[in-house]
Structures are given as structure tokens and as C-alpha cells.
Amino acid sequence: MVPVVALVGRPNVGKSTLFNRLTRTRDALVADFPGLTRDRKYGRAEIEGREFICIDTGGIDGTEDGVETRMAEQSLLAIEEADVVLFMVDARAGLMPADEAIAKHLRSREKPTFLVVNKTDGLDPDQAVVDFYSLGLGEIYPIAASHGRGVLSLLEHVLLPWMEDLAPQEEVDEDAEYWAQFEAEENGEEEEEDDFDPQSLPIKLAIVGRPNVGKSTLTNRILGEERVVVYDMPGTTRDSIYIPMERDGREYVLIDTAGVRKRGKITDAVEKFSVIKTLQAIEDANVVMLVIDAREGISDQDLSLLGFILNSGRSLVIVVNKWDGLSQEVKEQVKETLDFRLGFIDFARVHFISALHGSGVGNLFESVREAYDSSTRRVGTSMLTRIMTMAVEDHQPPLVRGRRVKLKYAHAGGYNPPIVVIHGNQVKDLPDSYKRYLMNYFRKSLDVMGSPIRIQFKEGENPYANKRNTLTPTQMRKRKRLMKHIKKNK
């Protein structure tokens with residue numbers, strides 16, 4: 001599960017500035033749902049290759065007496081769902097009553113909390129933080145988020161050790177594996193069999209979407225049809241529910257972000273939406289089903305979720321629910337709107353269903369299996385290089401400064417999603433249009449459907465670049481004789 005870091009504190013203490021610092025390697029804004037999350041922002045960040053979700057909870061300006069209400073409205077859910085809390089205060093404003101009330105609440109939650117004193121630039125470090133020791137939160141970390149001072153130390157001494165304890169990184173060098181495979185093929189050696197068999201593992205399927213689109217109805221419809229094995233494995237308070245099931249001889253793990261409830265207790269009015277659960281379910285899934293309400297059409301929230309799914313590289317099946325009862329004219333309008341707003345998602349199957357009545361639900365799993373198979377299929381270096389060569393023969397790369405971009409060979413760089421690494425000269429100068437052409441060519445040639453495909457380019461290195469040739473003693477003697485001969489004949 002992807003770890004979660006929540007930034008809390010009063011307004012204008014610099015939470016958004018630190019949020020942007022932490023998420024600078026990714027798109028800072030992942031989802032912004034006014035009215036549902038009370039202006040909280042969710043972003044993906046990275047420390048030395050370890051990803052985590054960062055939450056900017058917005059300002060809490062309550063007093064000692066009323067802070068609990070304000071916390072419940074804006075930040076309580078984020079704090080409960082977070083693995084660690086960075087509590088930010090303002091060194092220039094000094095200790096405020098709201099700071100004390102927030103600290104009291106955090107101490108009562110027994111959540112790992114680190115006190116970050118911002119805006120310490122231009123102040124005496126010792127004097128700037130001394131008042132905040134009374135909050136009883138242990139060591140203090142002074143920073144100046146706007147200038148980046150102290151942020152690196154915060155990452156190295158707080159977040160990185162905490163993430164290592166929470167989720168130790170597996171010491172697996174996939175690149176070495178791929179290069180070993182490539183060299184073996186180049187030398188004519190037999191390619192070693194990959195021990196990993198994706199067909200032997202259950203497909204993790206996440207059903208996500210906005211509130212009231214029918215996620216729970218669809219979940220229970222799926223579980224109610226040809227159900228073989230169903231039992232709940234509840235995790236912590238912030239975890240989704242994982243439900244193992246079997247369908248048509250294939251094992252699945254259904255990730256329910258809203259929680260599975262008894263059929264009689266399901267009502268759209270009480271279906272709750274947790275952004276964190278949704279984002280974590282997407283990260284943990286192999287295939288994501290995005291459920292859209294046909295009567296409401298595509299919303300900005302749907303597009304935000306789509307953006308996160310694409311950034312995560314997950315396979316995708318789009319489900320348009322509540323299709324029953326619509327007139328033919330309205331159905332045509334809905335399809336036109338989908339084609340217009342989802343034109344950039346040309347690899348995903350779109351299904352029109354009624355979860356309530358079950359129409360179209362049975363066809364979903366064919367697309368789920370297709371998407372999973374496409375994302376996990378193993379393709380050898382020779383095949384990928386052959387496809388790349390055919391693509392170049394059909395449409396050559398453009399000239400760059402009078403020289404043709406040369407693509408040398410291709411190999412697999414990863415799976416789920418499939419990654420093709422292309423080596424060549426001047427590849428950094430390839431225009432985006434040609435990169436899209438290559439991506440579409442590989443997709444068509446490999447018959448990839450339901451899964452995104454990524455193309456990465458690596459520049460060929462000249463081993464003699466910036467190196468001076470060292471002459472041997474014999475070459476030096478020959479050079480001297482040649483120079484004497486040239487001078488003599490001048």
C-alpha cells in the first residue's frame with residue numbers, strides 16, 4: 001500500500017509551499033474535489049524512488065474550544081487515513097492558541113507526528129523554535145519552505161527513515177535482468193525462462209468512481225453472479241476491503257473502496273467517497289474499472305481520476321452505468337460526449353451497463369482479462385527490435401540538424417504497464433509526433449488493448465567521447481620521425 005503523509009496546521013503557515021516542494025517530481029495537483037474533501041489537495045511525491053501520497057489539508061483556524069469541529073470538517077479524515085503527520089507552525093507568528101489545540105488533538109490520536117517550524121529564514125534558529133517545545137511533540141524541524149532550506153534535511157531525517165521502516169525497498173535490479181537478457185540474445189544464447197507467471201496470480205481489480213455512480217451496486221452484482229469464494233478481509237481503518245472471488249475459472253481480488261455492505265443496506269445516499277482509498281486502490285490494482293454515471297456524464301472529478309490512473313500506468317476499463325431507461329436520442333448524445341471528452345483514452349474498452357438490473361455486467365470480465373493479459377505479456381528483445389525496424393521502414397525518423405535520427409534496438413523495460421526502451425542516436429531530439437507514432441505502432445503490432453504502453457528513449461553513448469588517445473612508445477617514435485621529416489621538407 002502506498003504510504004500517506006498529511007500536512008496540517010493553521011492557514012498561511014506554508015503547507016501548500018511544502019506540498020509543492022514535496023510533489024515537484026510529479027504533477028503537484030492530483031485531485032481537487034470541492035464540496036467533498038473541503039479543499040484538500042492530493043499529490044504524488046517521491047523520495048529516492050519510494051513513492052508516497054501527500055495531502056495538503058487546508059488551514060485550520062479554529063480556537064481551543066472549537067478546533068474539534070473544524071478538524072472534523074476539514075482535516076480529521078486526512079489525519080486518520082495518513083501514516084504520518086507533518087504538523088506545521090509559523091515561526092514568525094509564534095505559538096498560537098490554535099497551534100496548541102491542534103497539537104492536543106494530534107497527541108490524542110497517537111499518530112506518528114513531526115513538528116515542522118516554517119518561515120525560519122532570517123531568524124535566529126534557537127529563538128525561532130523555543131516556544132514550540134511546549135507543544136510536547138518532541139524534536140522540532142526548522143525549515144524555510146519557500147526557499148527550500150531545511151526541506152532536504154526533513155526528507156532525509158524524517159520521511160525517508162520512516163518510509164524504510166514502513167515499506168522496505170526490495171533490492172531487485174530489474175535493469176540488470178533486462179540487460180542480461182539482451183546480451184544473452186545478442187550472443188545467441190538461449191533466453192532464460194522467466195519464473196514469473198502472471199496467469200498464476202489473481203487479478204486485482206479496483207472499482208472506482210464518484211459517489212452515487214453505482215460502485216457498490218456493481219460490486220454486489222458481480223459478487224452475486226456465479227459467486228464461488230467470497231469473504232471479507234478488512235484491513236486498517238484506511239484500507240479498502242479486499243474480496244477474493246472466482247469467475248469462469250479465473251481468480252480475482254476485488255478491491256472495494258466503498259466497503260461491501262449487505263444488499264438490503266446499499267443506498268446511493270450513504271455511499272461514501274474517500275479520495276485516499278481510491279488513490280491507494282488504483283496504485284494497488286492490476287486493472288481499474290472507472291464507473292461513470294450516464295445521466296450525469298463526464299465530470300472534472302472523473303477526468304482527475306483518469307489522470308491519476310494514467311500516471312499510475314494501470315490497465316483501464318471504462319464502465320458507463322445507469323444506461324437503462326435512457327432514450328435512444330439521449331444515448332447518442334452521451335456517446336458523442338464520451339468520444340469528445342475521452343478521445344485521449346483510445347486504448348480502453350467502454351461498456352454501457354445497468355448494475356441495478358445486471359444488463360451488460362457479464363461482458364466486463366472479458367475486457368478485464370484482455371487488459372491484464374496485455375499489460376503483463378512478456379515480449380523478447382528480438383521481437384521488439386523487429387517491430388521497431390518495421391516502424392522505421394514504414395516511416396523514417398525526421399532529420400535533426402541535417403542528420404537522420406538513428407534507432408538501433410529495443411528491449412523490454414518493464415511490465416504493467418508495458419515499457420519499451422529504444423536505444424539510438426539523437427533520440428532526445430525526436431518530436432512528440434514521431435514518439436506517438438512509435439507508441440501506436442507498438443500497440444498495434446503487439447495487440448495491446450486495455451493497457452497503456454510507454455516508450456522510453458536512451459541515447460547511445462560514444463565510449464571515446466571526451467577521451468584523448470594515448471600513444472604507445474612505438475607510435476611516439478614514429479610521430480617524432482614524421483614531424484622531423486615535415487620540418488626538413490618545408
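Glycine residues also receive a Cβ, built from the backbone N, Cα and C atoms like all the rest.
For reference, Swiss-Prot has these:
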- 9-16, 56-60, 118-121: GTP 1 binding site (BINDING)
- 209-216, 256-260, 321-324: GTP 2 binding site (BINDING)
- 3-166: domain 'EngA-type G 1' (DOMAIN)
- 203-376: domain 'EngA-type G 2' (DOMAIN)
- 377-461: domain 'KH-like' (DOMAIN)
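Overlay of Swiss-Prot annotations on the structure.
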residue: T120; record: GTP 1 binding site; Cβ contacts under 8 Å, 6 or more apart: A91, A128, V129, P142, I143, A144, R149, G150
residue: G209; record: GTP 2 binding site; Cβ contacts under 8 Å, 6 or more apart: K215, L290, V291, I292, D302, L305
residue: W323; record: GTP 2 binding site; Cβ contacts under 8 Å, 6 or more apart: A294, K331, F352, I353, S354, S359, G360
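Across the structure, N12 (GTP 1 binding site) and T257 (GTP 2 binding site) are spaced 33 Å apart at their Cα atoms. In the three-state DSSP reading, N12 (GTP 1 binding site) counts as coil. Under DSSP, T120 (GTP 1 binding site) is assigned to coil, being neither helix nor strand in the three-state scheme. In three-state terms derived from DSSP, K215 (GTP 2 binding site) belongs to a helical segment. T257 (GTP 2 binding site) carries neither a helix nor a strand DSSP state and counts as coil. For N212 (GTP 2 binding site), other Cβ atoms within 10 Å of its Cβ number 16. Shown for the domain 'KH-like' (377-461): DSSP residue counts in helix, strand and coil, namely 32 helix, 26 strand, 27 coil. When Cβ atoms from all protein chains are considered, those within 10 Å of T57 (GTP 1 binding site) total 25, not counting its own. You'll find the Cα of G9 (GTP 1 binding site) roughly 32 Å from the Cα of N212 (GTP 2 binding site).
Counting neighbouring Cβ atoms within 10 Å of each of the binding-site residues (N12, T257), the lowest count belongs to N12.
In the three-state DSSP assignment, the secondary structure recorded for G209 (GTP 2 binding site) is strand. When the alpha carbons of T257 (GTP 2 binding site) and T57 (GTP 1 binding site) are compared, the span between them is 21 angstrom.
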